[in-house]
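Here is the structure we will look at, set down as structure tokens.
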Ligand SMILES: NC(=O)C1=CN([C@@H]2O[C@H](COP(=O)(O)OP(=O)(O)OC[C@H]3O[C@@H](n4cnc5c(N)ncnc54)[C@H](O)[C@@H]3O)[C@@H](O)[C@H]2O)[C@@H](O)CC1
Ligand SMILES: Nc1ncnc2c1ncn2[C@@H]1O[C@H](COP(=O)(O)OP(=O)(O)O)[C@@H](O)[C@H]1O
Ligand SMILES: [K+]
């Protein structure tokens, strides 16, 4: 699904109005109805509702939502934050309609702000995507009052005071909602880690804005929806054999970190690879052979770290369908030499993770050797080592795009909404996963998953989008079974499923 910027979203509204065609006031009604449908299945009518409206179209939505809720017998009080003399036409229209049902209360001074109680619901319709400057004056006072209250807060479209597609300043006063119900398309601002407090749990509701405009709108940002990810999964032919699904090589483990190799190997096998060889230091040999009997093991001559040397007959590295390197390998000089060797030899996309990334960061000349369209999977700290410090999340996205473009690679920047940057400069945000994944070894699992997909011949961008989605989904299933606190990386492997 595309993520559009605010200018495009306003143009999309206008396009829908002209080409559906639909009167603006009816489009607002549709948005309000979509919000109320979402609300109705979650909150019972015995929880009093206080709707806070601004004077623009977000406030207009609030007025229409209040009217629809009153008609459904919810107990609703409506507050209008009178911060300016001007009102939008559609606000004014809905204001008139609402006054036929109830008398709104006007907030002009701080003492007009009502007390809010625990069981009440606040609907924040003060400012939406039209935000053009930091909140101040009475708006700021109202937002602070709402944020201090114990009530449940739901933001309409976006929290008042939060920019949808540009950075806020640290001192900005912004609604801190429990939920955001956004219209039609995700906004970039909803996905960024520093905005977490200003987003809460967020949901998209469909208001049927014009699909033709969305299809044609240029963007670099995408959000992976389940149906899009599922479409990428390839069906197996009836006469397939294990050769069809590729032979992968995982280079993983070092003394004390062979578990990382085990996790990556198991995840690789659970993601459909045809054959798997794990190259690990000698100390890992029996571990791999015992813990992952489905994999072959290529013991390195070195007892503790990977050097790339082995006394066992093996395939030349270029003959593997895909190579994944990094989990638990450490940063020994011999391992660096091996990495340099591999990068000079291999000419097909690889998966590069963990200490392999730290070795790249400390030896930047290696970046130029990366096979085109390789997948790098840094967490934010590893990414910072590879690049530079960023000022804010928007700056980080730019650095990410530049880095992926410059080295013609796919960069999977891991986190709550993992951002996958392509060599073409696009970014795909993931929609699955939960904080239960913040536990040792889940990154190793991802490396195994991605290596398996490359070995099966998936294009690296598709492999990254699908692999990250499925890994997050497995994390969600693991959390359902074990809870976010109790789940571990092995549960994620056990929960991997590939169904389209
Ligand atoms: N345009 C449409 O057809 C639709 C719009 N919708 C709603 O309309 C919203 C956008 O409406 P608007 O463009 O009217 O924008 P807002 O309702 O966000 O803001 C309106 C006004 O507030 C002013 N303003 C901006 N920042 C301010 C600040 N910090 N302090 C005081 N005033 C400030 C703006 O200059 C503008 O006049 C969306 O978020 C959504 O809720 C929905 O009804 C769906 C359809
Ligand atoms: N709060 C979160 N929400 C969703 N996914 C998360 C969250 N925290 C971590 N993850 C995911 O868990 C994985 C952690 O990887 P990483 O930091 O490399 O861990 P490790 O090195 O311990 O294996 C990544 O895929 C990341 O996206
Ligand atoms: K709002």
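Note: Cβ is positioned from N, Cα and C throughout, glycine not excepted.
Checking the candidates 443, 448, 457 against TrEMBL: the one annotated together with 414, 415, 416, 417, 418 at the AMP site is 443. K(+) binding, as stated in TrEMBL, involves 124, 160; the candidate among 46, 57, 58, 237 given for that site is 58.
In the three-state DSSP assignment, the secondary structure recorded for residue 414 (AMP binding site) is coil. Checking the binding-site residues 57, 379, 418 for a CB within less than 6 Å of any atom of ligand 1 leaves 57, listed in sequence order. The subset of binding-site residues (58, 160, 415) lying with their Cα within 10 Å of the Cα of residue 129 ((6S)-NADPHX binding site) consists of 58, 160, given in sequence order. Neighbour counts of Cβ atoms within 10 Å were compared for the binding-site residues 60, 415, 443, and the top value is held by 60. Considering only the binding-site residues 60, 132, 418, the residue whose Cα is spatially closest to the Cα of residue 160 (K(+) binding site) is 132.
Rounded to a whole number, the distance between the Cα atoms of residue 379 ((6S)-NADPHX binding site) and residue 416 (AMP binding site) is 11 Å.
Proximity of the binding-site residues (57, 60, 129, 132, 443) to ligand 2: a Cβ under 6 Å from the molecule is found for 443. Around residue 157 ((6S)-NADPHX binding site), the C-beta neighbours below 8 angstroms that are at least 6 residues distant in the chain are 58, 61, 128, 129, 180, 181, 182, 183.
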